[in-house]
Every structure is written in structure tokens, then in C-alpha cells.
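Working notes, structure below.
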């Protein structure tokens, strides 16, 4: 099996631990994303796989072989760099042919032509990198790595420099190419949307460790930690305590109210917890009586509303002062709610989740700020 | 915008050129024209009696036939010195630009420091270093690289070493300026694409440093080919270069037409060499 395995991988720069005892397996042929804010160690992890950084301890196994002490030019791994790092003195053809020529592969011209066609740059062979747009350069960088048919293709924020529209387009194209060639892609990004739309498996990294690893929907719908809950999108996390169990449900008290949710939605079943609900899972009702049966609610006052087209985003201030986010779809079914209105924000228990909370930690409703790459 | 200020805007490039242009006209164009005229004077004239303009193109043929060995020697010495400067200067410039870390500025100062003393004094110091009683010659005799009466001073080696020493900074500085801009990520990319460090140097670093390399070799070769101090202080008349001949023609023999003709031949030879070199190196952006 050509799986990529990282085993107890650690990288220290002086006293700073960039990657902390990280272990994970990337199955062959999968599209794997390492997601995290800048400085979380995701790029360092990638560079250790590429061989551009030597691990302090731990192993990088590819197809069962330990490659962690192998020089980068001896590894069957290629990288698409964040800066593209195209060779400015070579034309596009020679840039793409670079790896083939170093390995003495035959039929360079044919392979390069096919690869340029795959990334839709037919006829660009004679141009210099500086004569290409950012998106075209990105595709050259991709072609230059892909043409070597590496066992693992590493992508280091390759879409970071592109504008939003081009980025969406390239995401689709990258995904198409990955499906077409069937290689293992390891994609490093700080853009949660990018990671979720492209990858089969996402590993959320924080401070050199993996916070949670799983399919995008699993990470989003059932986060394992407050960090993940507020890094992937946004969550309303209410500080509470577990009161006990009732059948398959876990009961929670928070701010004098009692809530319950299925045990299968609970990462903790005792002590200090966060009761979490995604903003789009919350609905607003003008009166408590209008809350449908089987739902749970908190009451508050609408303090802000932003109309963003597909939805309207409300802030609802609770009696204890926390502002909850509520995303109401503009499907034409509900009326816009005026500022200052008393409302009940309600949700179905199966849409809530329970996370372990540090005792003393308060409510958390803010998304982590999108870091600048 | 008024017509006046628009006109001033259009004139401003010319106004900017004016001071430098006037300077060059007075102290470069006029003298070189005068030199050209002098080279065609009747060689039988003298400073006291004045020269007659006879379009004496024979001056050139005479100068060449009489002094061609000096021309050849100049180009050979300057060529060897340039190659030595490149071999010494490239690794040095690379180390300063890419590997020196916080020592970078100090190392650059060390490269430039010799300029704080006179060229003449530094060349005289080499006379001491290479002298027959000096430590260097003594050591070379001890290890039998020189025989017991062998010497360095007053040999072609001394002149080439002097030239190499004196012009090394002119090689290092342009190379440094170029290699300092080298993007380390390109080398990482080359490593990632199966190029060993040696291959990455040959395929990425070296081609990208060609503009610096061409500039450095030109800045070394051109003044070295016209130099006469090193040959005079470190060599003998057997090592004299064309600069020594021109020097003596102007100041000792007072043969102005011949001195001017020699100067023009040297200039033409260097221009031809530079032109061919740049064509071959394929770095038109240097000139």
C-alpha cells in the first residue's frame, strides 16, 4: 500500500515546537487537507514530508519505507509551492520539463505537451513565467510537479495568491485533476472553505497538534473541540454543566435553564461543558409559544441584523448578555425581524453538540479570525 | 494644467540629463575627439614644434607592428586575472549573499575596505609580500615549489597576482548584488524536482547569476587590460603591458601621435572583445 504515514513527527526550532508528536495516515489516492491558522505547524509538516525540513524526531513513512532522512531530490514526492517558485530564466516548457530532465526520462516533449494540455495551457510552452497571469503560473507550478507522477503531491497554500473567483475555479480544477490522475494530494491551507470543498479528509491543526481529523461534514456537524467548532465556521457555545443522564439523552444546565441532547452528540458527559449550536441551525420565533414541539430555546433581544443576500445574520442578546449568532435563510418564508424585537432562538436537540469546557471558561460565539497567510 | 507647466514637464528629462551630459561632453567626448585627432598627426612633429595634421593612418600600423606583444600580454594577463577573480570572487560573493547571516555587513566592509587606501600603496605592499626575502617566497622555497633561487617578484605571476588582488572587489560586488537577490525558494523547488545541490547550482543559481557574472568580469577585465601600475611595480619591462607603453609614449618619449593611436587600438580591442562576450553570454540587459 502506498499510504503516507507520519509517526510521532516532531520539529523544534530552538525552544519553539512547531510540530508536536504528530501521527497520521494519508491513504493512497486520497485528497487530504491540513487546515490551520498560520503558525500552527501545517507548512512545517508538509516541508518534512518534502524533505525540505528535517524532523527533530519521528518518521515519515511512504509505502512502508522510512523516507525521513532522505534528501528531497531522492523522494518520490513533489511540491506545489505557495510562491509557485517557477524558474524565471526558463520558459514554461523547460519549467515543466525540469524534473523529467533531472531524472533522464525519455519523451520529454510528448509528456510536457500532454501535461500542459491537462492544465489547459496548450501553446504556452515558449512563454516565460513573468508573462503569465497568477492563475496560469499556478497551473504551471501544478504541471511541473504533477508531470513527475509523484507518489504524493504536496500543495502548500497554492491558491493563496489568487483572487476569490479564480480560486474557486482552480479548486474545481485541482479536484478534477486529482480525480483524473488518482494521486495522493496533501493540501495545506488556512482556508476552511477550501479544505472542506476539496478534501476527502481534513485534519485541523492547532499549535503543532491535530485537533480533529475526519470528513469535512463530520468536522463541521460534530466538532471535537471548541477550537474546531469556531475555526471551521462559527458556533454558539454556551457554558453549562452536565446535570445527569435521562435515557439516551444527556441533560445540561446553563444559565438556569435545562437543555438535553442525544448522547451521540456529546464529546463529554460530565462536568463543565459547552452546549454548541451552529448559527444556521437556530430559528427565531417572536413568541415562546411559537417554538415547535421537541425544540429547545433561549430568549433574547435582536441587537443587530445584517442582510447578506442568501441569509440575514442576526445577533440576539440573551438575558445574561451573550450575543448569539443566528443565520436565517432568505427563502421568502419568514419576515425580516426588526431590531429590538423580543425573540426566542430555538433549535432541535439533534443539531446541538456538547464539548468539554475548561472550568471557568465563558461563552464562545466568535469565529476565529481568518488569519492572513 | 497650463501650457507652460506642461512644456516644463516635457523638458524635465532633458534638464535632468543636462549636468551629466555637459560633464561628459567636456571631459569625455571632447578629449576623445582630441585623442582621435592626435592619433592622425604627422609623427615627425614634436611638442615644441607642434604637430601637422596629415591623416597619418600609418601611426596605427606602426603602433601595432611595434607593440603587438604588449597588446597580447595585456589581454592574456587581464584574462587570467579575470578568471582568477571569478574563481575567488564567486564563492566569496555567494557566501556573503547567502550564508553569512549577521556577518553580512562586516564581510562587505572587508571587501570594500581596501579602497580606503590608495591603489598605489596597496600594490607596493604586494612588492613586500612577494619580495625575495619575504615569508611567502621563503615558504615556497622550503616546500620546493620554488627552487632555491626562484622568485615571485619581477615575474608574470607577480603581475597577474597583483591584478587579481586589485580588481577582486570589482568582481565580488556585482556578483554579490546579484546573488543577494537569489530566491532560496527556487533552489528548494529544484531540490524538490530531483536536482542535487550541484545540479541545482548549475541549472538555477548559475544561469540566474549570469548578469552579475558578466558585469563582474567586464568590470575586472576592462580596467585590468589597461592597467600599468602592477606591471611597473611588480614586474620588469619583460612583463610590461600596453598601459606601460602608452604611459611612456605620453610622458617619457613624448610621442603623442603614437600614444593616441595605441590608446585607440586598445579601446577598439576591448570593445570588440566585450561585444563578442556579451553576445555569447546572452545577457543583453547588462549593457
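For all residues, glycine too, the Cβ spot is worked out from N, Cα and C.
Note that the structure is predicted; figures quoted are calculated from it, not measured.
Between the stretches B:46-65, B:106-125, TrEMBL puts its transmembrane segment entry on B:106-125. Within its own chain, the transmembrane segment (B:259-278) is flanked in space by residues 35-36, 38-39, 41, 59-60, 62-64, 67, 71, 74-75, 214, 217-218, 221-222, 225-226, 242, 245-246, 249-250, 284, 286-287, which lie at least six positions past its ends and keep a Cβ under 8 Å from the stretch.
Here the transmembrane segment (B:106-125) has Cβ contacts under 8 Å with residues 92, 95-96, 100, 162, 165-166, 168-169, 172-173, 176, 229-230, 233-234 of the same chain, all six or more residues outside its ends.
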